[in-house]
Amino acid sequence: MDTISNLGQGFSVAFDPMNLLFVFIGVVVGTAIGVLPGLGPTATIALLLPITYTMDPTSSIIMLAGIYYGSMYGGTITSVLLRLPGEAASVVTTFDGYQMTKQGRAGTALGISAIGSFIGGTVAIIGLTFLAPMLAQLALAMGPAAYVALMVLGLFLVTSLGTGSTFKSLCMAGVGLLLSTVGQDPIDGSARFTFGQAPLLSGFDFVAVAMGLFGVAELLRSLEQTEKAQIVKTKIKNIWPSRKDMRDSAGAMGRGSVLGFFIGILPGGGGVISSLASYAMEKRRAKDPSRFGKGAIEGVAGPETANNASSSSAFIPLLVLGIPANVVLAMIFGALLMQGITPGPQLMTEHSDLFWGVIASMYIGNLMLLVLNIPLVGVFIQMLKVRQGILVAFSLLIVMIGVYSINNSAFDMWVVLGFGILGWIMSKTGFEPGPLVLAFVLGPILEKSFRQSMLVSGGSLEIFVTDPASAVIFAAIAVMILAKLFGGRLKTRQSRPATTEAHADGEDPATAIAPNPAEGPEQPRPTNSSDAPANTEQTPEKVPVSTRSGTP
Amino acid sequence: MPSATTDTAASAPVTPAVPTGTARKKRSIAPAALLVLGVGAGIGSWQLRLGSLQHPEPGLWPFAISLLVAFSALILLIRPGDDPVEQWTRKSWSIGAGIGILAAFILLFGAVGFLLPAALTLGVWLRVFGGESWRSTLVLAIAGPAVLYVIFNNLLGVPLPDDVLLRAFS
């Protein structure tokens, strides 16, 4: 089969010694930052973007992808041991994972998470291997109008699924689009909003914007935190789960893999939503739901499997359609653009080494993570001893040199500082940077596709209805808006009983995690990015989230 | 960005659905600024000329987006929402100081190269914000920039600006 031979070619790329080294670096760094307080996947990838600029494109994406799924493993460790989720997707793991630690089953919880993550990740990559080529065929047939529709869908999902206010997210998406227009007009080259500044003619550099909003902002925020490093006292033993544990978790892992895979494909998916959905699903299916929150192993296995599955399948929309599903993938998108590669349906044919190499590297990376995590958990925990101040001070210096290195200009250093301040103010006022960055990345492509559609249609907006693919997507958006409007009204009406129910069921973390109790149980509200927990974390149990941004 | 803080946010008293008085005023600052941005960008795009849908001039696209920004900011002004917002604390001032240090670093970087400003930045940061001992501050502030210099300048080939310290010693 064609896919198999392509995958074989991918493995020959991934087994190149340099690439093997980069997968390894990626997964180790990913696990480390999952454990370390102060840095999450988004911030780390933002910090590393300038370095990837000098690397071979395939190697750089292999490494960044490794950081992303590696951080999903690492975040679990502190969730289970200290009830400190390293990144948002692991919040759910604190519910039962930490309870298991209290019962002296920390090793089992970590072991089952690693195995679940491996299974979920691998199932999703197999899905990615076979689904991506088919979708790419489909996507190649799409015209510019359908592209506009797809990007609008992506932005719409990111803004409406966000935890914060929809209008705040919408406004941020607008600001992101606006920022992306700074520079030269794509058609006639005249200057837009450059205020006579020559460096602005080429627009804001994506790296500087991303490093500012995620990296610098997050590092500055750490000055406001007063958390002290925690020391793990738990002895970890029996990491390899018993046969009974495996039997108990098998179903949860199977369901988590499938659920996570499909949630990951959706724009705005990946990470948090999938782990919440899996937790809710396992709890609903359980014969004795009251065990959940008290150390039920399915409550660890399911969500951990699902979040790894979704973070792998989230690569599908990026690699196939050129639409990043969440903020971390927007970073990887930016990294590809910097290398002069535009992700999209042509990627698979024009850069088949990169496409298949990255996919093959994910099989290898997941295997490495399984091997690394089971025996080496203890080593990673030692990293908690690194003091926050040292980490922050050095990270800031690296940001500054890194951003300088892109264009060798001090101007970009001011841009990164400016966006750092902006990001910090945004976090203070409850605006999420996710939609902004995503819109900033999509802006130029959206404008180009829109203008192309207008050229094709002779200036008539009707093209968005007459083009079948675009019509279907816009109809779907309309349905979702209506559902949101009416659903919201229904919920307000029912909010009284639902609230009481939620309170009565106060022990239920899945309920608790829904930001609005009126949403009712089993309806966790998702966040917009794999690692953006926002107020999802306000569980009544007050899960202490470390300062780490794992969570931009 | 959301992240952490949540701990404070979670324990903060529940704000009423429609904040009143000062709370409302405070929440209006950001939307008001965004409204100004939206309107300003709208005027700017208008000056760039809009053209028609089929033959757009440079201003058309930014103008449409400006409308989006202004519209959503207006809604936020009318309905500020009730999602938890982080408190400003005395610690927030230390962020101002951190920003100042970084700005000083950038200015010095252009003037005297990397090593000296990096050592100063690390020294102040580690001692004041990190609460490190004098000994580890000194060790890290001297060794750190040197290691970073070698990594970036020599290994990664980033041409750092002419360095005063290196010139003095060579």
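Think of each number as a place in line: the chain as shown, counted from 1.
From the backbone N, Cα and C atoms, a Cβ is placed for every residue, glycine too.
Feature list (source: TrEMBL):
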TRANSMEM  A:20-49  transmembrane segment
DOMAIN    A:20-438  domain 'DUF112'
TRANSMEM  A:61-86  transmembrane segment
TRANSMEM  A:106-131  transmembrane segment
TRANSMEM  A:138-159  transmembrane segment
TRANSMEM  A:195-217  transmembrane segment
TRANSMEM  A:258-281  transmembrane segment
TRANSMEM  A:318-342  transmembrane segment
TRANSMEM  A:354-377  transmembrane segment
TRANSMEM  A:389-406  transmembrane segment
TRANSMEM  A:469-487  transmembrane segment
REGION    A:494-552  region 'Disordered'
COMPBIAS  A:525-538  compositional bias 'Polar residues'
Between the transmembrane segment (A:61-86) and the transmembrane segment (A:354-377), do 3 or more CB pairs sit under 8 angstroms, pairs being 6 or more residues apart? yes
Based on Cβ pairs under 8 Å, which of the stretches A:20-49, A:61-86, A:106-131, A:138-159, A:469-487 lies most in contact with the transmembrane segment (A:318-342)? A:20-49
For the transmembrane segment (A:389-406), find every same-chain residue at least 6 residues outside the stretch whose CB is under 8 Å from a CB in it, and list them. 36-39, 47-51, 53, 205, 207-208, 211, 215-216, 219, 222-223, 412-413, 415-416
